[in-house]
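Have a look at this one before I ask anything.
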């Protein structure tokens, strides 16, 4: 049985055009939407490890820490459903918002959806910074979730539609790069604000989320919309002019015709959410569900939004836990740069498979080390040498995720759907991602308390499953124009039976060109 599937270069149209400064600039501005998601991922774990923040909103957690220190059970220091609700409520709001965002993205365009996300995140950031009670704090988190839902829905689609096929992977990963920069910036800010006398540093950490919100809001206001989106709204001449500007050439007839064909097909679909359930879209539906599902069950959010809490739980001091989160954040950024360089050079499948193998190895190593040092009862401590080795293992795991499942989890779903179901496909991708981000965020601390070191073996088992799935069921989409992606599915050993011949936009013109 073959693994994956590949389409010969002769089977797809190679459009004219070049990589223009215009498209690079627009994609970089759009990718800044990832700052919202990344900053929040990094900031929430930091403030929930700060004593003044816990004293203000979660005093029961401080009492629990005191009891845990007396019993020396390191696993259960932070086990609080109310505390995890602070973190995970954002992702529940993002889940709901993603469904509305898919409608806005389709009807009004990607640009408006990004703008709405930036405004919601801006208001939520201010509320979080000035919150005096848990109700305002959670409401602010919900608005942040609306911002994340809209941004995560629209930005990857925008990037995939604007970028030339030859560098679509690298430009789309700009979104994940912005996420990692946001996480790192949050870690550095938490490290600094934790040292502010008077115990109000956590407010500064939360309110500084207005910075990425302003960047996103301003940037999306200035951005042009994509040719695909302009065509969807019935403006073909404007769409052609934008395509010529994006590609840096007047000779865009072949690509524009494919966009027109895709738009005509999309107009026949009144309800993309119902349409995506048809057999012809089975591969896209399955991938848009399983890729975000697997992405969250790598266990990455155990490290990302609970990094300081995790390190503190494992015996790192207050400063050491925050600094360790910064170190893992730096590794995250650097490894994402590796993905930007290699995704178009080696393709998506190679990164998925290598990243899966590396994550499995180091999750087993982390779980084994914690088992040896803390046992089943959570009774033990880490020496300085042990702590450094554990941090090294965690960084190796983070690096593997950052050049594989991190960026590709957003890239692949955004590039595999034809226009008529693209908004629905990305809506499903964001929704599933947020569902499992919420679940992991809500139950992680409780799982750590009850499953102990076995939690890392639990996630390692899922990494094996997802790596096998990628090998057999994910075709290579590198360097394939986004409107001709169905040809990849048609050539696949398993998915090909679902794709009718009439779904292959552009194939007939490609064949005619070769015949002449």
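The count begins at 1 with the first shown residue.
Even glycines carry a Cβ here, placed using N, Cα and C.
Bear in mind that the values here come from a model prediction, so they are computed numbers and not experimental data.
Grabbed the feature section from TrEMBL, which reads as follows:
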{"type": "DOMAIN", "residues": "26-478", "note": "domain 'Major facilitator superfamily (MFS) profile'"}
{"type": "TRANSMEM", "residues": "19-39", "note": "transmembrane segment"}
{"type": "TRANSMEM", "residues": "90-109", "note": "transmembrane segment"}
{"type": "TRANSMEM", "residues": "121-150", "note": "transmembrane segment"}
{"type": "TRANSMEM", "residues": "170-192", "note": "transmembrane segment"}
{"type": "TRANSMEM", "residues": "204-223", "note": "transmembrane segment"}
{"type": "TRANSMEM", "residues": "284-310", "note": "transmembrane segment"}
{"type": "TRANSMEM", "residues": "322-343", "note": "transmembrane segment"}
{"type": "TRANSMEM", "residues": "355-376", "note": "transmembrane segment"}
{"type": "TRANSMEM", "residues": "388-406", "note": "transmembrane segment"}
{"type": "TRANSMEM", "residues": "426-448", "note": "transmembrane segment"}
{"type": "TRANSMEM", "residues": "455-474", "note": "transmembrane segment"}
Quick one: average pLDDT across the domain 'Major facilitator superfamily (MFS) profile' (26-478), no decimals.
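Reported value for the domain 'Major facilitator superfamily (MFS) profile' (26-478) is a mean pLDDT of 85.
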Take the transmembrane segment (455-474) and find every residue of the same chain, 6 or more past its ends, with a Cβ under 8 Å from one of its Cβ atoms.
1, 3-4, 286-287, 290, 294, 297-299, 302, 348-349, 352-353, 356-357, 359-360, 363-364, 366-367, 370, 405, 412, 444, 447-448, 494-495
Are there at least 3 C-beta pairs under 8 angstroms linking the transmembrane segment (170-192) and the transmembrane segment (121-150), leaving out pairs fewer than 6 apart in sequence?
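These two stretches do not touch.
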Which range wins on Cβ pairs under 8 Å with the transmembrane segment (322-343): 19-39, 90-109, 170-192?
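Of the candidates 19-39, 90-109, 170-192, 170-192 scores highest.
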Of the stretches 90-109, 170-192, 204-223, 388-406, which racks up the most C-beta pairs under 8 Å with the transmembrane segment (19-39)?
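The stretch with the most contacts is 170-192.
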Checking distant contacts: for the transmembrane segment (388-406), what same-chain residues at least six beyond its ends satisfy Cβ-Cβ under 8 A?
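For the transmembrane segment (388-406), the nonlocal Cβ contacts are 176, 179-180, 294-295, 298, 300, 303, 311, 314, 324, 327-328, 331-336, 338-339, 342, 351-352, 354-356, 358-359, 362-363, 365-366, 369-370, 382, 466.
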